[in-house]
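This report concerns only the one structure given below.
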Amino acid sequence: KLVALIPNDQLRSILKAVVHKVAKTQFGCPAYEGYCNDHCNDIERKDGECHGFKCKCAKD
């Protein structure tokens, strides 16, 4: 594994956190107006808005 090649445990956990954060980012959110509304309507049938780099779907 690529992570096993990184010797320092602290550095390894920092890199894992960065990769995890990037993987969860929805890049369409700030780039396209209405992206989150479409995203939330597709998955939850709710309205949505962009919050940073992630979509927030309306709560009941």
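Easy rule for this one: first residue shown is 1, then count along the chain.
For all residues, glycine too, the Cβ spot is worked out from N, Cα and C.
These come from Swiss-Prot:
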DISULFID  C29-C50  disulfide bond
DISULFID  C36-C55  disulfide bond
DISULFID  C40-C57  disulfide bond
DOMAIN    26-60  domain 'BetaSPN-type CS-alpha/beta'
If I take every residue in the domain 'BetaSPN-type CS-alpha/beta' (26-60) and average their pLDDT values, what number comes out?
87
Please report the Cα separation of C50 (disulfide bond) and C36 (disulfide bond) in Å, rounded to an integer.
6
Can you grab the distance from C36 (disulfide bond) over to C57 (disulfide bond)? Cα atoms, rounded to a whole Å.
8
Determine the minimum-neighbour residue: among C36, C55, listed as disulfide-bonded residues, which Cβ has the fewest other Cβ atoms within 10 angstroms?
C55
How many Å separate the Cα atoms of C57 (disulfide bond) and C29 (disulfide bond)?
12
Identify which of the disulfide-bonded residues C50, C57 has its Cβ surrounded by the largest number of other Cβ atoms within 10 Å, counting every protein chain shown.
C50
C29 (disulfide bond) has how many other Cβ neighbours within 10 Å of its own Cβ?
19
